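Pulled from TrEMBL, these are the features on record:
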SIGNAL    1-24  signal peptide
DISULFID  CYS33-CYS126  disulfide bond
DISULFID  CYS80-CYS132  disulfide bond
DISULFID  CYS81-CYS134  disulfide bond
Amino acid sequence: MKGSHLFLCLLSMSCCLNLMPASGNKIFHFGPCRVSMSVTEIRSGFTAIKANIQARDPIRTLSILSYPHSLHKVKSLDRCCITHHLVNFYVDKVFKHCKTEDSYINRKISSIANSFLSVKRKLGQCHEQNKCLCGQESNEKFKQILENYEGLNVTSAAIKSLGELDILLDWIEKSP
């Protein structure tokens, strides 16, 4: 009898530990999707290279993510879709074209990209389960972001988008 109580106690503790996010991770709710990620870790990597990346941005009069209301007032149900689009955008377009001659900067970019890959997989699963539906508003907002990006040459657009990563991280952290 005592052995079964000990077993149940250990099993309960194991289940609780498996449900807890990894160290430094926080669970974010994007509409009906829940994603565990460490924004603190991503922000730390970005902060280490932010000044360098932003100094490489030759176009200061245009913003890709801050275009009037690109990420403002996104409906709760659309947050999953726009986040899914943005994470894919950063993985597929931005990080691929952000190479510098500085190996330290490249390692930091790679680390941030790996964090985004993990989030991309999690949001992709949610999207495949049809929990992450895209409404007209989220599609229009993402279309505007893509138009801003594609209006520049690939390298400039990637550097500018990486330099605006704090805008995206702030928005993610404000998720309800």
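Cβ from N, Cα, C; glycine included.
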Closest of CYS33, CYS126, CYS132 to CYS81 (disulfide bond), Cα positions, disulfide-bonded residues only: CYS132
CYS80 (disulfide bond) to CYS126 (disulfide bond) - Cα separation in whole Å: 9
CYS33 (disulfide bond) to CYS132 (disulfide bond) - Cα separation in whole Å: 7
Residue with minimal Cβ packing [other Cβ atoms within 10 Å] among the disulfide-bonded residues CYS33, CYS80, CYS81, CYS132, CYS134: CYS134
Rounded Cα separation (Å) that holds between CYS126 (disulfide bond) and CYS134 (disulfide bond): 12
